[in-house]
């Protein structure tokens, strides 16, 4: 296990069904092993790329055995393995092999230079919060899930508006007619919530944001809540209503079902290269107006 900031066992996780990912993963594995680290692979990744010579483990086995997981893929890959490793507090290093790369912040072209430095203990660490949600039907919980980005209650593409009753900490907030409601973490505030005109929350802000999706009343605006809030969303009206967790798992809902959402007790450690800036990520990914001559403020 760890000695200070040092790691012994490194797990590699790759984006599934991705052409061209086998070679960089194999190269990365060999280079890490050459440095003296034990390298293991997530089982599905190992099978898909057909790599041999390294143990293939389940996410639970990775959580129990690995000191750090390196994820080569897109944000969706990072979200998926992050939820599975959250109970084990396994730190994640994200290498972008997808499109956007908000949370996989290392370019694939930089991984051979940056990963050895980070494995030697030179990195910046931050904790990312998750949500836990459960569906209650007739007074009994019927489904439970974690979400890294968001919990989204919405209508299907062929039905009309839904009516939702929202309360926070047992206090009634409103009834809302809309296409749905997003409950997002700070990490998820730059995902679906942002496209629905929600605010950007810094990842270290202790908050949860509620963002209506195409509300009938324009006065239904996003609201940021303390991250210890307990949110309940009841299905009052509408047909074909679903709830999604990070857009990677979903279940159908019935009238009077209640979705209860709160901050999870788990957090996921993200490791970044020295000098990482969240604001640089925002500028690059959201294409904010910037001038090449601008730099971070100099320390006075």
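Glycine is no exception: its Cβ is also placed from the backbone N, Cα and C atoms.
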Co-listed NAD(+)-binding residue [Swiss-Prot; alongside 75, 76, 149, 150, 177, 179, 190, 191, 192, 193, 194, 195, 214] among 112, 234, 248:
248
Under a three-state reading of DSSP, tell me whether residue 177 (NAD(+) binding site) is helix, strand or coil.
strand
Does anything in the same chain, at least 6 positions from residue 177 (NAD(+) binding site), have a Cβ under 8 Å from its Cβ, and if so what?
161, 162, 163, 215, 216, 217, 237
List of residues, in chain order, with Cβ under 8 A from that of residue 149 (NAD(+) binding site) and at least 6 apart
79, 184, 185, 187, 188, 191, 192, 246, 247
Students should find that the Cα atoms of residue 214 (NAD(+) binding site) and residue 75 (active site, proton acceptor) sit apart, in Å rounded to an integer, by 25
Sequence-ordered list of residues in the chain of residue 75 (active site, proton acceptor) that lie 6 or more positions away and have a Cβ within less than 8 Å of its Cβ, or none, is 98, 100, 101, 102, 103, 104, 191
